[in-house]
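Here's the structure, in structure tokens; my notes come after.
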Amino acid sequence: MNAMMETSELPAVFDGVKLAAVAAVLYVIVRCLNLKSPTAPPDLYFQDSGLSRFLLKSCPLLTKEYIPPLIWGKSGHIQTALYGKMGRVRSPHPYGHRKFITMSDGATSTFDLFEPLAEHCVGDDITMVICPGIANHSEKQYIRTFVDYAQKNGYRCAVLNHLGALPNIELTSPRMFTYGCTWEFGAMVNYIKKTYPLTQLVVVGFSLGGNIVCKYLGETQANQEKVLCCVSVCQGYSALRAQETFMQWDQCRRFYNFLMADNMKKIILSHRQALFGDHVKKPQSLEDTDLSRLYTATSLMQIDDNVMRKFHGYNSLKEYYEEESCMRYLHRIYVPLMLVNAADDPLVHESLLAIPKSLSEKRENVMFVLPLHGGHLGFFEGSVLFPEPLTWMDKLVVEYANAICQWERNKSQCSDTELVEADLE
């Protein structure tokens, strides 16, 4: 009898275990996918001014909820992973022309030029000069998607291909792109200004590209001539401050660091003959490079210390990060500047966001936009599971650029009216 009672109780025990297991799995899913996180408009940091009030009226995306895909879109890790593996879905293939520029040290810089597919909303000739993320180029899907959308909104687009990033373009000097070198971007901008003397510029940088474009604008006042505005998306602002956070396992940053370092190693080693070959006349700083340390490197900091800083002769990693970061130059930018980050970006530690917040509190030309979700260069939109081809980020950058163009047009018309009234008097 006791045996029969024990046997009858077993299914109830198993049912309880199953229920607990299901509950545990659901809890993990809810936590990992961040399903309880609300959707909301992005947090905005700015000074009250005529420009900021105009932007709030002209850019609905600044005040509307950003709604990511329901099931996975609130996870910064999944957004980042999808950007990293897919780039974008159903990405278009814009048609452009590749341009080559020989730099003073013999390096061959390339960029791709895409003509507008429609008239711009203000009727002017406007060129977006675009700097992609680390080791990226014009053929990356997120760049193709953004360029296609910008073209359809009347923008000419020039996209820098980072030195050494294109697999089919050989290096012609012992140097490749670094965290903050602005030489190639500056050469592209000068080409555009010379070739299209009537054009005005909208400067756009993604991730590492955001650091480069902000540093470029702040290096000298002349670099801001003909520039209407600048947009930086998902950059970290200070490599010196970021290096410690990149070695932490919080938000899996150490894992992302390893993956990016592995990709950088592959790129560097694919150019080993051009960079380190015996026949190459290279700077003294590269002579003592120990490639065995490169092979065993597991972080970007190790690669930067062993290889990248030596391209420009920096004596230490600290000096390299201090000099190459845009943080020292942000206060010298006087054109309208929009800085965009996602609160759940696993690559950019929240402590780094104090930099754009502080800047926006001091400068009327700066607006810092911080949505809850989006990951690192993700910002996918969609109803439940499948993302849309166009992202919230693509729309926001073009919407902001359109608003600035209209703002400048309004200022110009007001000035013309004042001149006419003065003449009549």
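Glycine is no exception: its Cβ is also placed from the backbone N, Cα and C atoms.
These numbers come from a predicted model, not from an experiment.
Feature annotations, courtesy of Swiss-Prot:
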- 1-9: topological domain 'Cytoplasmic' (TOPO_DOM)
- 10-30: transmembrane segment (TRANSMEM)
- Asn136: N-linked glycosylation site (CARBOHYD)
- Ser207: active site, nucleophile (ACT_SITE)
- Asp345: active site, charge relay system (ACT_SITE)
- His376: active site, charge relay system (ACT_SITE)
- Asn410: N-linked glycosylation site (CARBOHYD)
**Spatially closest candidate among Asn136, Ser207, Asn410, the listed recorded positions, to Asp345 (active site, charge relay system) (Cα to Cα)** = Ser207
**Message:** Counting other Cβ atoms within 10 Å of each residue's Cβ, which of the glycosylation sites Asn136, Asn410 comes out lowest?
**Reply:** Asn410
**Prompt:** Near His376 (active site, charge relay system), meaning Cα within 10 Å, which of Asn136, Ser207, Asn410 (recorded positions)?
**Reply:** Ser207
**Request:** Determine, to the nearest whole angstrom, how far the Cα atom of Asn410 (N-linked glycosylation site) is from the Cα atom of the residue listed as 'active site, nucleophile'.
**Result:** 32
**Request:** Express the distance between the Cα positions of Ser207 (active site, nucleophile) and Asn136 (N-linked glycosylation site) as a whole number of Å.
**Result:** 10
**Request:** Compute the average pLDDT of the predicted model within the topological domain 'Cytoplasmic' (1-9).
**Result:** 54
**Asked** Given the active-site residues Ser207, Asp345, His376, which one has the fewest other C-beta atoms within 10 angstroms of its C-beta?
**Response** Ser207
